[in-house]
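In what follows, a single structure is set out as C-alpha cells and then discussed.
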Amino acid sequence: MSGRRRNHPGRLASIPGLRTRTGSRNQHPGIANYPADSSDFRPAQQRRALEQREQQAGQLDPARRSPSMPSANRYLPPLGQQQSEPQHNSAPPCGPYPGERIKVTRAAAQRSREMGYRMYWMVQRAATADGADKSGLTALTWPVVTNFAVDSAMAVALANTLFFAAASGESKSKVALYLLITIAPFAVIAPLIGPALDRLQHGRRVALATSFVLRTGLATLLIMNYDGATGSYPSMVLYPCALAMMVLSKSFSVLRSAVTPRVMPPSIDLVRVNSRLTVFGLLGGTIAGGAIAAGVEFVCAHLFKLPGALFVVAAITISGALLSMRIPRWVEVTAGEIPATLSYRLHRKPLRQSWPEEVKKVSGRLRQPLGRNIITSLWGNCTIKVMVGFLFLYPAFVAKEHQANGWVQLGMLGLIGTAAAIGNFAGNFTSARLQLGRPAVLVVRCTIAVTVLALAASVAGNLLMTTIATLITSGSSAIAKASLDASLQNDLPEESRASGFGRSESTLQLAWVLGGALGVMVYTDLWVGFTAVSALLILGLAQTVVSFRGDSLIPGLGGNRPVMIEQESMRRAAAVSPQ
C-alpha cells in the first residue's frame, strides 16, 4: 500500500485520535459524515474560537448563533454537542467496559435472556387476564397445556415406530385388536365418569393428577422395553401403551370439563374460557411441547440410542400431576349442585291411583334434563367428532399403504396435521369473537359443512380434498363446540352447568372413539373410507336437523322437549299436587 493511500483523509477520519491532513488530532471522530467546507459544521473548539474573535471585533450578533446541526449518521451526536462527563454512581455498568469487545455468544445470550423475560411476562399476563388468577382458571390452564404437550410429545415418540418400522398390514391388525381392548373399557367407563364425579365431594383434583401419573408409568414401561439397536418397541407393549395413553388423554378432557365451570371468572363466559384454554394448549402444548420433544428425540436417538421424546413425556406428566394438585380446593365443593341428564320423557297427568308412586318418585334426587337447543348442539357436535376421530387415525394407515419411504409418509401426515392445527386455531380464534345468539343454528350449519366435505372427499379420493376436509372439519369442530358451551351456559341453571358440561364432554369423547374405530377397521382407500364415514355423518346430520325441528329419530334423546326444562322432580311435584 502506498503512503498516499495510507494517509488518505477519508480513511483516517473515522479513526479516533488520528491526525489527518485537514484536521487536528482532537477533531470529531465522525467528521467524514458531515458536509465539508462549512463553518456551521466545524468542530466545536474551532467554532467557539471563531465566534469569540468575531464578538471581540463586533461582527457577530449573539442571537444569530446557529444551533448544532444534526449528523447524517444517526448513530453519531451533533458535531457541536459537548459530551458530558460520565457520572460515577454505585450501580454496576449495564454495558461493556470501554475498550471491551462483546462476543457474539455473549450478545446472543443477553438477547435470548431478554426475549425470554418478555415472553414469560407476556404469557403470564395473558394467563391471569380477566381475574383468572383469582378464580382459579390460571391454575387449571397449566394442566391443560401440559395435557396438550403430552399428546404432542407422544406423537413424536411413536412417529418412528408407527410410520417407519412397522409393516402396514401388521400395524393395522394389531391396532384394531388393541383398540378394541383399550377402547371398549373406556366406552363403558366414560358415561359413568360424570355421575361418579357428581357423587364425589372430593376427588376431582386427584382424578386429574391420576390421569398424568398413569401416563408416567406407561411412558416408563415403553422406555424400559425400547430396543436401541432397531429403534422400536415390542408390539405387545407398544400398542396397548399407546392406546391407553390416548384413552387417559380423553379421560383428562372429561375430568377437566367438570372443573372448568367452577373456576370461570365472573367477567367472561364459558365460551371464552374454553377458547382460551384451547389456544393456550395449542400454542404452549402442541407447538412448543412438540418442538422440544422433537429436538430431544433427535439428540438422544443419534448420540445415546435412547427414546428422548419419552423422557420428555415422563417429565411433562410428572409436572402435570403436580400442577393438577395446585388447582384451588373449591372445585371439590358440590353443595347445592343438581346433576344433569340427557334423557327426557313426556309425562302425562298421572291418574289418581298412581299418586303414591309419583310421590315416591318426587322424594328422590333432583335431576336437570337438557333442553332442545342443548340436545341439538350435542348431536351436531357428536357428528363432527366422529369425523375428527376418523381423521385422527385413518390417514396414518392410508399413508402406510403407499409404496413410499417413511419421510414421504410422514410428509403426508404432516400436511394433514398442519391443516388440522390451523383449522383448530382459526376456529377457536373466530368463536371467541362471534356473537352466539342462536348457537343451535350455527351447530347445524357446521354439521352440514362437515358432511358435505366428507362426501366431496369420497368422490375426489385424493390428498388435496382430504386436506381441505381436515381444515374445514377442525375449524367447524371448534366453532360447534363453542356453540355447545354457549347453549349449556344459557339454557341450564348455574347449579347444573358443571354436571351438564361433564356429561356432554363424555358423549363427545365416545363419538370421537367411534370415528377412530371406523378409521382403523375400514379399507385403506380414500374413497372407501370417506364413503363409510359419510354414511355415519348423514345419519348424525339427520338426527341433528330433526332435533332442531323438535322431533327425534331416537326416543327420549331428541329434540321433542322444551327449550328450557324445569328440574324433573319439581315438575312432577307440580303435576301430582292434590287439587
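Every residue, even glycine, has its Cβ placed from backbone N, Cα and C.
The feature compositional bias 'Polar residues' is assigned by Swiss-Prot to 80-90. Under the heading region 'Disordered', Swiss-Prot lists 1-100. Annotation source Swiss-Prot lists transmembrane segment at 148-168, 175-195, 206-226, 228-248, 279-299, 303-323, 378-398, 407-427, 448-468, 504-524, 526-546, citing sequence analysis.
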> Between the stretches 279-299, 378-398, 504-524, which one has more Cβ pairs under 8 Å with the transmembrane segment (448-468) than any other?
Replying inline: 378-398
> Among the recorded stretches 206-226, 228-248, 303-323, 526-546, which has the greatest number of Cβ pairs closer than 8 Å to the transmembrane segment (378-398)?
Replying inline: 526-546
>> Give the nonlocal contacts of the transmembrane segment (206-226) in its own chain as ranges (CB under 8 Å, at least six residues past its ends).
In response: 143, 146-147, 150, 154, 157, 197, 232-234, 237-238, 241, 244-245, 248-249, 251-252, 255-256, 259, 306-307, 310-311, 313-314, 317-318, 320-322, 324-325, 327
> Given the transmembrane segment (279-299), which of the listed stretches 228-248, 407-427, 504-524 has the most Cβ pairs that are under 8 Å apart from it?
Replying inline: 407-427
